[in-house]
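Quick look at what TrEMBL annotates:
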BINDING   A:Pro94, A:Phe95, A:Gly96, A:Ser97, A:Gly98, A:Leu99, A:Gly100, A:Ser101, A:Ser102, A:Ser103, A:Ala104  ATP binding site
DOMAIN    A:70-153  domain 'GHMP kinase N-terminal'
DOMAIN    A:217-291  domain 'GHMP kinase C-terminal'
Protein chains: 2
Amino acid sequence: MSNSSEIRVFAPATVANVACGYDVLGFAIDSPGDEIVVRHCDKPGLHITQITGDGGKLPKNPTQNCAGVAALDLLKHLGMTDRGIEMEIHKKMPFGSGLGSSSASSVAGAFAVNKLIGEPLTKKQLLPFAMAGEASADGAWHADNVAPCLFGGIVFIRSNDELDFAQIPAPKNLWAAVVHPDIEVLTKVARGILPKEIPLENATQQIGNLGGLLCGLIQEDYGLISRSIHDVIAEPRRQKLIPDFYKAKRAAISAGALGFSISGAGPSVFALCEGEEIAHKVADAISKVFHAIPIENQAYVSRINPTGVHVIES
Amino acid sequence: MSNSSEIRVFAPATVANVACGYDVLGFAIDSPGDEIVVRHCDKPGLHITQITGDGGKLPKNPTQNCAGVAALDLLKHLGMTDRGIEMEIHKKMPFGSGLGSSSASSVAGAFAVNKLIGEPLTKKQLLPFAMAGEASADGAWHADNVAPCLFGGIVFIRSNDELDFAQIPAPKNLWAAVVHPDIEVLTKVARGILPKEIPLENATQQIGNLGGLLCGLIQEDYGLISRSIHDVIAEPRRQKLIPDFYKAKRAAISAGALGFSISGAGPSVFALCEGEEIAHKVADAISKVFHAIPIENQAYVSRINPTGVHVIES
């Protein structure tokens, strides 16, 4: 096949939950992210021909691979399952990291195939297919990684069931410092650690903080953002799965972060910062805490990515 | 004393909780509201000389009256407790109605006295004094009626403890239909009916709806507002204190309301509507349901009041 019929896409990592936004808020960062290449082929059906960067862990059977599931779900919806399509998956971020790895692959899979076949659907219309991919990997029906990965920016999910969401403008100078410590936190464990019931008082605090964060983001009020980035529900329970979590938090705040919490279900952590310079200092400060344990870790500094998944040069 | 040294203020009724905004959201309406008149006098101290519209129920002792407490707290702060001030309180709305009656009197008391003595404090600075008045009547430290009564518009309270709030712009065509059925709901009972713990799932739903409502209000998205006005915490429990609540809700929605819930701790109910005409139809529809029981009731139709407490002609 010629190069012109090959599509290469990049889907960014995402930070979900965002402290007080448990299950309802997420944002995209510039990097890391996954790349997926798709091209037409003569053999009918979807074929995953290559996976790199996964340490051999991901299945090539498209029905067992989240990128494959998202693409197949889309092709089924369009009545095109007999199309011959080859897919290469290049994982460029750790999975099980709390950075929306399976969401990135799911989004990239659906988006790339949609592009290849002439873009019959809009990004918004791709959301349920990407979510189906994510659900196959994660077992849950959540848009808080998938939606920001697809659309970019900060996305607020009113209802996962209804796929009802709103895009929140990101303040121009808002940067994220994200650090991934090389430890494993199973999503199952991170979910199991959450209680089924919480005090009404905590719910009210969380609602106050979530509303404050949304208002702060929309009104570009960094002070209000900072006062609002508190999670009284998941963080106090999940922090024990991340060594020296509070030490890292203190280091981030001391270095000037607006706030600090767990990215998704962890083990990655994130800080929101006003400006790139502070974000670099904060990332360094967090990274040092993990290194001192010692735990290997990768630090990423990024503005809020405004674009989400997109085509890149082959 | 001359008329020029007399100040008459109007403080509007307010709708707190606003469905999914339990304890964190409130807005002001144009009417009803309380009026307070203050003037200088020779006898040192604050004297409540007249109370009308209360059926003789409110104490004239300023330390036992929320308007008096707010004014005294302010005067104490300013070191002016020996000033001679007369206060008249004209209650023009039912108390125990869920319309922020004690907040209106508290705000009016602090605001009127501040005006009379040359306005040493800004409206924002008056907030804790008005809240002290409200707390003396209500036993709780809540700003969700006091803040919108003081500032007007829609006010989101991130934290009552920190008095941290944000003003939310009201969509231009947003109207409220508010109906007060003449029954008594004790705040103590309405509070006691709420559980101490709630399912995490309900908290997440409420957080989703509250965020959706804020985004809808800020982005003037009436559809999102409508999809977000749901209270899964207080309303399902408190509705049983209001006869035919769900019948009234269905009538409001059928008449075109964006959403319907309990105002404050009840028994008043409110609906948000797009446009004045719909708001009148909705108010009539709700009113009819209560009349049919039969329960006497008062219906109010109002835009979101943008001003809050203000001086009126004597």
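Keep in mind that glycine also has a Cβ here, set from the backbone N, Cα and C atoms.
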How many other Cβ atoms are found within 10 Å of the Cβ atom of A:Gly96 (ATP binding site), counting all protein chains shown?
18
Out of these binding-site residues, A:Pro94, A:Gly98, which one has the fewest other C-beta atoms within 10 Å of its own C-beta?
A:Pro94
Given the ATP site residues A:Pro94, A:Phe95, A:Gly96, A:Ser97, A:Gly98, A:Leu99, A:Gly100, A:Ser101, A:Ser102, A:Ser103, A:Ala104, which other residues of that chain have a Cβ within 8 Å of the mean position of their Cβ atoms, reported in sequence order?
A:Ala13, A:Met93, A:Asn145, A:Gly264
Under a criterion of Cβ-Cβ distance under 8 Å and sequence separation of at least 6, what residues of the same chain contact A:Gly100 (ATP binding site)?
A:Ala13, A:Thr14, A:Val15, A:Ala16, A:Gly26, A:Asn145, A:Val146, A:Pro148, A:Cys149, A:Gly264
Who sits close to A:Ala104 (ATP binding site): which same-chain residues at least 6 apart have their Cβ under 8 Å from its Cβ?
A:Ala11, A:Pro12, A:Ala13, A:Thr14, A:Gly33, A:Asp34, A:Met93, A:Asn145, A:Cys149
Structural state of A:Gly98 (ATP binding site), classified by DSSP into three states:
coil
Summarise the domain 'GHMP kinase C-terminal' (A:217-291) as counts of helix, strand and coil residues per DSSP.
42 helix, 10 strand, 23 coil
Take the Cβ of A:Ser102 (ATP binding site) and count every other Cβ within 10 Å, whichever protein chain it belongs to.
25
Report the DSSP secondary-structure composition of the domain 'GHMP kinase N-terminal' (A:70-153) as helix, strand and coil residue counts.
46 helix, 7 strand, 31 coil
